[in-house]
Structure formats: C-alpha cells, structure tokens
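Asks: I grabbed these lines from Swiss-Prot:
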| type | residues | note |
| --- | --- | --- |
| TRANSMEM | 56-76 | transmembrane segment |
| TRANSMEM | 123-143 | transmembrane segment |
| TRANSMEM | 169-189 | transmembrane segment |
| MOD_RES | Thr236 | FMN phosphoryl threonine |
| TRANSMEM | 270-290 | transmembrane segment |
| TRANSMEM | 297-317 | transmembrane segment |
| TRANSMEM | 322-342 | transmembrane segment |
| TRANSMEM | 358-378 | transmembrane segment |
| TRANSMEM | 381-401 | transmembrane segment |
Amino acid sequence: MGLKNFLEKIEHHFEAGGKLEKYYPLYEAAATIFYTQGKVTPGASHVRDAIDLKRMMILVWFAVFPAMFWGMYNVGYQAIPALNQLYSGAELQQVIAGDWHYRLAQMLGASLTPDAGWASKMLLGAAYFLPIYAVVFLVGGFWEVVFSIVRKHEINEGFFVTSILFSLIVPPTLPLWQAALGISFGVVIGKEIFGGTGRNFLNPALAGRAFLFFAYPAQISGDLVWTSADGFSGATPLSQWSVNGSHSLVNTVSGQPITWMDAFLGYIPGSIGEVSTLMILIGGAIIIFGRVASWRIVAGVMIGMIATAYLFNWIGSTTNPLFAMPWYWHLVLGGFAFGMIFMATDPVSASFTNKGKWWYGGLIGVMCILIRVANPAYPEGMMLAILFANLFAPLFDYVVVQANIKRRKARGE
C-alpha cells in the first residue's frame, strides 16, 4: 500500500462526522507535507499561482540553511580555542565532563583539542544549536496545533520559519527553558492572539527575542553568552567598537585584529545565524529571486542605513566612537544583515504596497543606526527597529492608498 493510498484510506476518520474529526488539522498538516490538496482555498480564488503558503515557507526555511550551517561551524570555531585557552589537562577534562554539550559532541566523534578540524567544530556547534532548534520547533508546533484544534482550521506552516529564525537570532548558550519561553511568547502573544498567520502585525520571532531581552537580559546579551566556552568572556565586535572605535576590534580568543573580511565571512562571535553576512546574502538571493521577499524592502533598509550612517559620520563625536562607524561596517556587524533579509521582509508584518515598502524599509535602516549610535549602552538596534517599523507598516499602506485614491479622483474631475 502506497503512502497516498494509506492517507486516502484514513482520511474519512478525520473529516466532519468522523471519530477523529477534531484532529483534522493534524492529518491535514501531515498529508500536505507530501501532497498538495486539490482544493487550496475554501472560497473564491482571485489569484492563482504555482506556489502555496506551505511551499513559500519551505523556500524560506531552506534559504536560511547557509547561515545556519555556517553558524554551527562558527560556534565550534570560537568555542574550542577558547576552551583550550582557559583550561588544560585534568581541569579541562573536568569542565568537559560537567557540560552536556561537550559530552554530546564527543559522543558524536568530535575532538575538543586545539588542533580540532572543521568536522569537530561543526559537531560542537550542532550540539549547541540543534537542541535549541528542537525545543523551539516542538514548543512552537505545540501551540500551533492547540490553536488549530480550538479554532478548527488547518495548521499554518508559518511556525516552520518562525522556529528556525528564532533559533538563529539567539546566543548559542541560551538555556533551553528560556528558548521554550521565548518562542511561546512569540507564537501566542505575538501571533495567535491576533488571529494567527496572516493577521499578526509583529514579527513573532522578534517578539519572542524581545521578550527574552527584557525579561532575561543576562542570558541574551552581555559578554558571557556569545562564546560557548564555560567561563569565557568576550564582547561582540559591535560592543568593542562602541568602546574605542575600530582600533578595539580584536578577536577575544586569538588576540588578532578583526578585519572587515573576517566579519563579512563570519569569523566573529554573535548570535548563531547572524555572524556571516555572505551566507545571509546567499539566502537572501534565494528568497528575493523566488519572489518571497521584497527587494524594495531590502533596498529601503540599505538606503536608510547608509544615509543615517553618513549623517552621523558627518556630525562626528569626541565621546562616542560609533558616530564614526562607516556604513559598510554596520552592514557586517550585529544582526543588521540577518534582520534586513529574513526579518524585515516578513510579508505579514511588513507593508503591502510597493511605495509603503520603501518607506517601511527606510524607517528600519534609519532606526537601526539611530539606536546603535545614540544609545551606546545597547549597541544593537535591528530587533527594536524592525518591531518599531512593524507598528508603522499599516500607516504607510494607509497613506499610500489614500494618496492613490485622491490622485485618481483628481484625474476624473
């Protein structure tokens, strides 16, 4: 019996009147992973396309893979030298034995010696990232199933994207219970209470991270959370620049200066998926050419960022080194690139109109640099900038629509 025949055989149990009727969303979610339903919409279909919501979300899911795999490698790349720098001999073995991440990596065949190869670094990174992703995926999926059963509608695939995006914008050392709490806030408060996928006005992944940032700042920011070596303290390059400008950009493990190319490629500490601008841009090309993300938003963010960075460069400051940061450094440090490509382009919480997308993207670019530079105590502004712009997205669309109405009325007079 083929899979399709099996699914068709049990389908009547989940349909209206069947003994498993209330679990139809679970059946529908499982069945549509492999097959597309004949009826895609319950009402009149005004736009026909070869791609549905599930396929669109899966495209975004695959697009983050380059940043995800590089992020896992970079976790090990940063952690193993730091671990061997802090400890040696019996003390090192004691530290390894006391941390389940290290033990798991060794069970998988990883070496934690100074000469560890790329595979060992990847395995250690996976030992940190995959548990976070598994917890976030299961908890986020649980809430999606609960609300789908209560509301009696199909399970929306948005949580596939939300779960992996959330997992990539947190530090690798984030406690698993906080990961579960953060995604719960993002899905329930940031999305489901407004009606679910398509009705939320905030990006749920960013809403969850913002909750953790304000509720548990010690585990989501600071100098202790970015390198996965017990007891190691190392600031991110963005934090270093805020202290003494470009001269303070130093790899806290090797002691070598950090070049722009190091930051662009992703050899710096940071959130798991935000370190490599190159990998992020590869994923961005996939979703932009796939027409899932809007190039207008990306261009608007870049224009707003470059203009504001030049403005602060022109103003200058003798007390705040961030005034002098060039725009091309803003691009590769912190969460700017990841937020611009994968967060700002969220089709639900962003502006819908073409002109509105330009203004929406521009506001994000301006606010990101404004928060970074004007608030050196928090030298990262992309998360708050996008959430702030989410609130203005409906206003931009309203202004654009009203302007179009007035212009058309004027033509008819």
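Glycine is no exception: its Cβ is also placed from the backbone N, Cα and C atoms.
These numbers come from a predicted model, not from an experiment.
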Asks: Report, as numbers and ranges, which residues of the same chain sit near the transmembrane segment (123-143): CB under 8 Å and 6 or more residues beyond its ends.
Replies: 68, 71-77, 79-80, 101-102, 104-105, 108-110, 112, 159, 162-164, 166-167, 170, 172-174, 176, 179-180, 182-184, 186-188, 192, 228, 272
Asks: Go through the chain and flag residues at least 6 beyond the ends of the transmembrane segment (322-342) whose CB is under 8 A from any CB in it; none is fine as an answer.
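Replies: 60, 63-64, 67, 165, 168-169, 236-238, 241-242, 245-246, 260, 263-264, 268, 270-271, 273-274, 277, 280-281, 283-284, 287, 293, 298, 301-302, 305-306, 309-310, 312-313, 315-316, 364-365, 368-369, 372-373, 376, 379-383, 385-386.
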Asks: Same-chain residues six or more away whose CB lies under 8 A from the CB of Thr236 (FMN phosphoryl threonine)?
Replies: Trp226, Ile268, Pro269, Gly270, Leu333, Gly334
Asks: Which of the three DSSP-derived classes (helix, strand, coil) applies to the residue listed as 'FMN phosphoryl threonine'?
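Replies: Once the DSSP labels are grouped into three classes, the residue listed as 'FMN phosphoryl threonine' ends up as coil.
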